[in-house]
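What TrEMBL shows for this protein is this:
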| type | residues | note |
| --- | --- | --- |
| TRANSMEM | 30-47 | transmembrane segment |
| DOMAIN | 39-287 | domain 'G-protein coupled receptors family 1 profile' |
| TRANSMEM | 59-80 | transmembrane segment |
| TRANSMEM | 198-225 | transmembrane segment |
| TRANSMEM | 237-258 | transmembrane segment |
| TRANSMEM | 270-289 | transmembrane segment |
Amino acid sequence: MRNMSVVTRFILTGLPHAPALDIPLFGIFLVIYVLTVVGNLLILLVITVDSHLHTPMYYFLANLSFIDMWFSTVTVPKMLMTLVSPGGGAISFHGCVAQLYSFHFLGSTECFLYTVMSYDRYLAISQPLRYASLMGGRACALLATTTWLSGSLHSAVQTTLTFRLPYCGPSQIQHYFCDGPPILRLACADTSMNERVIFVNIGVVALSCFLLIVLSYVSIVCSILKIRTSEGRCRAFQTCTSHCIVVLCFFVPCVFVYLRPGSKDAVDGIVAVFYTVLTPLLNPVVYTLRNKEVKKALFKVRSKSVFTE
């Protein structure tokens, strides 16, 4: 279908809230955003500097921190503008295209990366003697590259299906960022086929990744129960608990927003805060506060900086 769009810009309505909450919400989300960027940058710095963290698990964690830092940056700054500026919700047509592509690119890449990380934990716990040979530098690079390329392809499909339709008004997007479902409601054409294809596309990716993660952790639990020492079992469980917490906080809201019938704008906007704002913050919090190796590396970096001063 030829795109006959006459819309040159969209208006993001932002989060549904009382006007009196503009400043408090701005302050809260600004603090969360700053902590998210700084926290993920710290993880990247520590993993890069400390040679003890040059392992497959931390290689994938570095990728996750990089994604989370930009995943939050794609949506939060624009949301902050809608809270304090009268015209802050305005976004150009091409800017909206770029935001939707970036959002789904980073989001789906993170989805694939969680799957790879669960597979890495499965090999580390279930195949400890073969782990080093199975997850060498080349294998890690190949897995990471595949997640980024798969995310790019998935996002290209989402973006193409969304913006191949004509948009001739209205131009108000009932959300705080450009996303497929609220944008499709503004199209001046039948969107049923697009919605079905997008639903299947997201459903296949999300459910496939989630099932593979569950399968990996079922195998991991079976392997952990075979460990004879209670200390060994406790350490293995602690290694995987952090990953499970972040995975659940990412997948559950996504499934709620994209894979349920009768989607509601107000509810979707609020639930989306969990995986666009809070989950990127959870990464540095969970992986540092629950991880002795990262905390030790952070202390070493801090000690070196103090010593050099």
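All residue numbers here begin at 1 and follow the chain in the order shown.
Just so you know, glycine gets a Cβ as well, placed from its N, Cα and C.
Heads up, TrEMBL stuff is auto-annotated, nobody curated it.
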Determine which residues of the chain contact the transmembrane segment (237-258) at the Cβ level, with the cut-off under 8 Å and only residues 6 or more beyond its ends counted.
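That would be 107, 110-111, 114, 117-118, 121, 124-125, 181, 199, 202-203, 206, 209-210, 213, 217, 220, 224, 268, 271-272, 274-275, 278-279, 282-283, 286-287, 290-291.
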Report, as numbers and ranges, every residue of the chain located at least six residues beyond the transmembrane segment (30-47) whose Cβ falls under 8 Å of a Cβ in that stretch; write 'none' if there are none.
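53-54, 58-59, 61-62, 65-66, 68-69, 72-73, 76-77, 80, 277-278, 280-281, 283-285, 287-288, 294, 297-298, 301.
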Where else in the chain does the transmembrane segment (198-225) make close Cβ contacts, counting only residues six or more beyond its ends and a cut-off under 8 Å?
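That would be 108, 111-112, 114-115, 118-119, 121-122, 125-126, 154, 157-158, 161-162, 180, 184, 233, 236-237, 240, 244, 247, 251, 254-255, 258-259.
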